[in-house]
Amino acid sequence: MTKGELLRLDRRHVWHPCTQEKDHELLPPIPIERGDGVYLIDLDGRRYIDGVSSWWVNLFGHNHPRLNRALQEQAGKIAHHIFAGFTHQPAVELASRLCALAPEGLNRVFFADNGSAAVEVALKMSFQFWQQSGRAEKVRFVSIHEAYHGETVGALSVGGCDLYREIYRPILLDTFQAQGPDCFRCPYGKHRDHCEAECFEHLERLVTERRHEIAAVIIEPLIQGAAGMRIYPPIYLRKLRALCDACQVHYIADEIAVGFGRTGRMFANQHAGVAPDFLCLSKGITGGYMPLSVVLTRDDIYAAFYDDYATLKAFLHSHSYTGNALACALAVEVLNIFEQENILEFLKPKMALLDAFASKFEGLPEVGEFRRCGMVAAVELVRDKRSREPFPWQQRRGYRVYRKALQDGALLRPLGNVVYFMPPLTIDEAVLEELLEIAYRAIEGSRGRAEG
Ligand SMILES: Cc1ncc(COP(=O)(O)O)c(C=O)c1O
């Protein structure tokens, strides 16, 4: 297929995710031919630094020799088989190794095949647990403002980003939402590095008052990703764990985006030293190769589903591709790479490099804050630096940065007014520096007239 044909057929038949397709009239999708480490390479041979790890999934670069090999070896045995009534080594090895790495007490692994599905699983498991534990009145879920947990109807119901959910409101579950941390515009006048998570009072009040009807609180630990990489301190999670214990409410940790080293540790909850009741993982789990997700939970929760068939207590949830063998084999190799190549150790200089750019970005008139947690950093653009007033969304500042950065060879996909960096963990320092320079120039170059 020539590039022209490919783009014509794409326009004719393909509907891209999270996209206003009309934007493609001005900027057609870029046809990618292959990957090489942190680079995506298009049909014309142009290279783009993948500054967002292709929607936060890629951990060690594209076209990775070890992951390629693991995939081929497993494909030579079997790609997929039914996971009810059957099992296989990659799934069993993955489950046992994840349990060993995860916060203590999480000893059971349920498999699904994408992040939203893992969230659905955790919500359903929590609900069913209470139904089968003599607490049938516990039917509601709690999340925080600007939360993002995926886009299936259950996951959207616990989401808090109006952009994705407002139109579907009439068909969503009836959930509670509390004001969460907003460290950039902290109403308490504190800084995230020195606060006591005073903002936790909102969640605390809600959960305490409605504890009898609440099944679980779901939260993105340390970084609210889709909300614009809103970073908040671990103390918030410690308070949440204590509250959930006191109120007999489950804590569901959605580490779909932040798990697997993104925060500088394997799992974000480790920064707070707490263990959730349900831990949802996906995205980086296969290094960005195959869709896979898991939900880890405790043995006592598992036990509430374990009984004679006739009691109908089983968790009757399944996806056709549950426990896919190719994906599990890749996930096992991802854990091997973490271990054998000391991936987390090598992050330190890269995190320091990100920090070194803070003052440079903050010197720009439209930058309100540069923030970082682990290997995730974000630059928040504002119309007024002092009042922190945001640019109106209609100006599409982020989209303008995206377009400028593409011209310079980097894929950045800002979230509204937030330009962020979540590159593969293995990015070279020199390339990381280049990415940051491109972003800097793109922000400068995105000034001027608004466009549609
Ligand atoms: C925190 C979080 N939860 C859930 C999801 C949904 O994952 P998926 O897109 O695989 O359904 C995402 C995706 O971005 C996410 O960031």
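Just so you know, glycine gets a Cβ as well, placed from its N, Cα and C.
Keep in mind that what you see is a predicted model, and the values were worked out from it rather than measured.
The candidate list D44, D50, D182, D254 contains one residue that TrEMBL assigns to the pyridoxal 5'-phosphate site with G115, S116, H319, S320, namely D254. Record check, TrEMBL: substrate site residues include W55, Y148, K283, S318, and the candidate from R413, R441, R447 also listed there is R413. Checking the binding-site residues G115, S116, D254, S318, H319, S320 against ligand 1, the ones whose Cβ sits under 6 Å from it are G115, S116, D254. Separation of the C-alpha atoms of G115 (pyridoxal 5'-phosphate binding site) and K283 (substrate binding site): 7 Å, rounded to the nearest whole number. Long-range neighbours of R413 (substrate binding site) (same chain, six or more residues apart, CB within less than 8 Å of its CB): V52, W55, Y402.
Here the CA atom of Y148 (substrate binding site) lies 9 Å from the CA atom of D254 (pyridoxal 5'-phosphate binding site). Sequence-distant contacts of Y148 (substrate binding site), defined by Cβ-Cβ distance under 8 angstroms and a gap of at least six in the same chain, are G159, G160, C161, Y164, E220, Q224, G225, A226, A227. For the substrate site, whose annotated binding residues are W55, Y148, K283, S318, R413, the maximal Cα to Cα separation is 33 Å. Of all residue pairs in the pyridoxal 5'-phosphate-binding list (G115, S116, D254, H319, S320), the one with the greatest Cα separation is 23 Å apart. Distance from the CA of K283 (substrate binding site) to the CA of H319 (pyridoxal 5'-phosphate binding site) is 17 Å.
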